[in-house]
Amino acid sequence: MGLDIPIQAHTASKSTVCLRRPLLSLRPPLLLSSRRRNIRLPPRSVSVGVGVSRFRLSSPSPLLLSIAFARLQNGAARCFLKDINVEFNHQDAEDELSKDGCPIACSCSVSILPTTAELADFQEVVEVSDEEEFLDSLLTTLPVQSEKEQDAMAATPAHPAGLYALYASFLAGNLVEQIWNFAWPAAVALLHPSLLPVAVLGFVAKLGIFAGGPLVGSLMDSFPRVLAFNLLSIVQTAAQLVSAGMIIYAFNRATPAASATSLLLQPWFIVLVIAGAIERLTGLASGVAFERDWVVLLAGRNRPIALARANAMLSRVDLLCEIAGASIFGILLSMFDPVRCLKLAAALMMCTLPVLILLVCLADKLSKGVLERPKHHSTSEKSYSTSELCQPRNLIQRGLDTIRCGWLQYKTQPVLPVSLAYVLLYFNAVLAPGGLMTSFLTHHGLSPSIIGAFSGMCAFMGVAATFMSASLVKKLGLLRAGAAGLVFQALLLGIAVALYWSGCISQQKSFIIFLFLIVLSRLGHMSYDIVGGQILQSAIPASQANLIGTTEVSMASLAELVMLGVAIIANDVSHFGFLALLSMAAVAGAAWIYCQWLSKPTKEQRHLFSFDPHFNSSLSSNQQSGIVAVISVPAATV
């Protein structure tokens, strides 16, 4: 049976009637949904008799009695029961209730009036009951993916067709950029035998990246992605054409400079420096947009294997374009004069620009417009109207505020140690293929063929790392794969530096081992370059991806500038061991910072990388049992 609950009804005459009826259930309603259902209550038979001695419900309903109980408890002057016919007799009620010692007032009257408002109350209660049953059945039949299905989902891109279009556009833009990166130093070097003009152009370009990177990244985050990228591509192509025109002018009409210093002061060279800095800055921003923002949207932020493969493909395309660009322009330079080669390069730039824009629009269309979604503006950044930005003073203030905001957001990002480890790797300017290493090998007496083979093997290791990174992420997890790449590189470079300082490098066999260790270390370097980029992609919000990405590249440019300054001070070949020790220490410091961050995970870190099963395995048994207990709670108890 149910629960007997006494109910008092206070009338206008202050007489009291005590009723005892069974209540089957008094379950409080749950607010689950605002949806309405057309539910009709069954009609009740009505018979009202004067002098009848019992209060009788033809079909007692617990829901109706619970509503009546609430109405009577509130002390209302009248009790309204919906669509119910009641037979009531004062004498029978008095005889029955006097047995329980309840005072009786024979003058009590109860009005029974149906109202529309209370019909809605009853319908809401019945609706809540139905929705509770629906929720219980939904939770009990919730499908759970198997481990194979989860792996398949993690390896499937969110927008595969758009991702292929992104690869094609990245190939088109990067090939032209790599051709130009090889063309302008080779052409400028033919103007004067000194290395100073090329060094000045490179220094100003890196300085421009360091100063203007956050500003360009903020502007990209403030505009729709496709529009911002197309504008940057147009500006970059225009800067390349201006640079090519200045170099062609220097070959045809400019008077030969007597010294390198006089060459730096010529007007065409000043224009070349400015155009070169703009070209490098816009090229950097376009690369950051592809590698830190777009690929995350198209591959899927929570699909680590698919994102790792997409990052590996972009790195593979970048390395292949670097090799192909140098080879193509080198072949052209051996067949034609520099002016004709520069004209061919300029024609290729103009032909590639519309193709690049069309491929970007195609990627946006195939991804169902996911790239067109505008981003939210940063709340920490002061807003300016268009008329205010037209004023030079406000434009400068906006630039300074944006740079300050970029550095602040970079400093407060949740994966700052990962980015710092990435920046520290750029201090390794000696134990890596580059100008300093080439100079050292030349002074050591190696033939150009061996030096070329060394550079080619380093590039091959970079390509191999692009194939290996996805497998590392799948086997070790995203975070542990980054640690493996850094530790591998630090160990090999440590052995190489120890071999150099031992004095055995004077022997040819030991020297070949020294070079082989450096070549193998590139495998770990490129692996972390891909995996570290994916970690940053997974942790940084899309509204800050370009700003933080360009700020990080600015930090890397600063690291290169510092290391080049140290190399200028210690410019003797005998100081190579000291420079190598500094490079190895920078890589070891990067590995230490990353491993310290990985060994002490925070709640925010666990939340950001909750999709990484290997990282979640580090949870304690109590945490895992708590999670299982929460998952296994029956739906009815929620």
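Glycine is treated like the rest: Cβ placed from N, Cα and C.
Annotations in TrEMBL come from automatic prediction, not curation.
Annotated by TrEMBL as transmembrane segment, the relevant range among 273-290, 507-524 is 507-524.
Tallying C-beta pairs under 8 angstroms between the transmembrane segment (507-524) and each of 228-251, 420-440, 479-501, 545-570, 576-595 places 479-501 first.
The stretches the transmembrane segment (342-363) and the transmembrane segment (576-595) are not in mutual contact, being linked by fewer than three Cβ pairs under 8 Å (pairs 6 or more apart in sequence).
Most Cβ pairs under 8 Å to the transmembrane segment (479-501), among the stretches 319-336, 420-440, 446-467, 545-570, 576-595, belong to 576-595. Contact between the transmembrane segment (576-595) and the transmembrane segment (446-467) does not hold: fewer than three of their C-beta pairs are under 8 Å, each pair 6 or more apart in sequence. By the count of Cβ pairs under 8 Å, the stretch nearest in packing to the transmembrane segment (545-570) among 228-251, 319-336, 420-440, 446-467 is 420-440. Same-chain residues lying 6 or more positions outside the transmembrane segment (446-467) and placing a CB less than 8 Å from one of its CB atoms are 312-313, 315-316, 319-320, 322-323, 432-433, 438, 515, 518-520, 522-527, 529-530. Long-range neighbours of the transmembrane segment (228-251) within the same chain, counting only residues 6 or more positions beyond its ends whose Cβ lies under 8 Å from a Cβ of the stretch, are 173, 176-177, 180, 183-184, 187-188, 191, 216, 219-220, 266, 268-269, 271-272, 275-276, 278-279, 282-283, 285-286, 289, 338-339, 342-343, 345-346, 349-350, 352-353, 356-357, 360.
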